[in-house]
């Protein structure tokens, strides 16, 4: 494709929660856009959206809609990616796919630019954007791996509803209002829209994100486990996850226990993290300073705090990691991959 | 004091969130009450409450108010317990104290009846009720310790606001309504009312419960660590905790990673837990069955689910433990201690 100044960019799933943030991020980053295309399902086609104040009519995502597209950012669900990503590549586009469709495919790089941007050189048209809860964790774990090694991770997540899309945000708000009015809600979205049972998320916590796999872990948990190993090139990493949905609009939080190879002080670990790309250290107990999801909304950063030494294992540490799941966890990481492709002259 | 049919029972902090549940629990259990006394701060004295339909006027908690009291259930804050528990004991009462005032005192048994009721025999007038988040965890851990040993615990909590009292419940509701109205809230209660900074809890998660200690852990985290060791008689247990406040009214949840001494299957561990006292197993991924805080409200049980083998360590397991923090975490455990004192003829 060769280097050029400006690109034809398609946003697939433009009307969704992540699609909207992708558009806002392209605008904010002043991404070198020659032409923007908003694509969606047939149902949403025809909607009028904007790019930098200019009207853009959403078109149906069909194979031919990708003619002339240089970069296609997909976030319209795994089935859409499976159907259309290769069609886009065939027509000359590089696809950055935010779904789980290709993440574990051997010939698809799974990239978090702060961690493994070099993997972009191996792409064959499709680059996968990892799961939101994985991204923010590996941004914090990679500088640790590089400096003091990493051999065990136990993570418990506190995940926002926006990871399940606009309908989940609306469901949380409606259920919360019903509860405050003393009325009963009729849940129909979470934990899994197509699932048999639905539970209230307002004033609740649901320990299920995505469906269950045969080993008793959910797909979300297995995504965190498998994607972390792939992104960090640590196939032998000992890692387990428990993923929980919270009544939080946006901003995922993670309580992470790690075991490292080399003994360091908490202060040394703080320095390692504050020097690392993409991370903002928020860690001062005296000032009650620590990351919180509500206050992370709108930022591209990964916030890390509550860094403590384990009280028994001198190689054990505890961290609290927070990021806006729609931004670093999705839209920003996708646009950042696109920027990296340009920066590294891969596109 | 000797055995007798009926007891003069005092509830100290009767107007509080836990006090109210203590009264409801005494009623529901048909506790052998000869006379009930509701005690409180000067501010709340004079309030009219009820016991089994009969009016009871709340009196100010003074030393002399304990004259003739057999059993005093304290839940009015640590300073009230420090001031008045010994006065109650001096006047012949046995005190079950729900504050942290005496929990770690060597001569005070810290009791969860399912775990260490025998410790009640050593009481010297005061029996401490453990921290809410500790109680539900040890109920689940004790049968594991008994059957397959226990040597490491990493817990991340998901705690409800009712643990911080009625004002925290009101704050959550007010903030949630303000947010839904598009207004800004002015937080003034959480994480710690007397603290310098207050954060919104509605649609947020706050990784601070109680104030910080010098090692970077909060008091809540150190309570879980130290109390678990004391209750389970495991001073060498490797245990760490991260405690997080959620926008949940009642019901604490816990993501718990454990390492045991003896290899068992998940099915064997489920049997161990379902056979144990105080536990309801809710664990069937095919039926989307797992514990959730919203649905735990009003039950005295500890709900356990999401039981999985660690994917790397054959001696590692993951559990999800939920209970109503006002009941098993506070009021029910206190009343249960009082019932045990009678059953074991200790009072």
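The backbone N, Cα and C atoms fix where each Cβ goes, glycine too.
TrEMBL lists B:15, B:16, B:17, B:18, B:43, B:44, B:162, B:163 as NADP(+)-binding residues, and of the candidates B:313, B:325 the one it assigns to that same site is B:325. Rounded to a whole number, the distance between the Cα atoms of residue B:132 (active site, acyl-thioester intermediate) and residue B:43 (NADP(+) binding site) is 26 Å.
Nearest by CA distance to residue B:17 (NADP(+) binding site), out of the recorded positions B:103, B:132, B:159, is B:132. Whole-number maximum of the Cα to Cα distances across the NADP(+)-binding residues B:15, B:16, B:17, B:18, B:43, B:44, B:162, B:163, B:325: 26 angstrom. Measuring Cα to Cα from residue B:159 (substrate binding site), the recorded positions that fall within 10 Å are B:252, out of B:15, B:103, B:252. The binding-site residues under consideration are B:43, B:103. Their Cβ neighbour counts within 10 Å are lowest for B:43. Each of the recorded positions B:17, B:132 was scored by the number of other CB atoms within 10 A of its CB, and the lowest score belongs to B:17.
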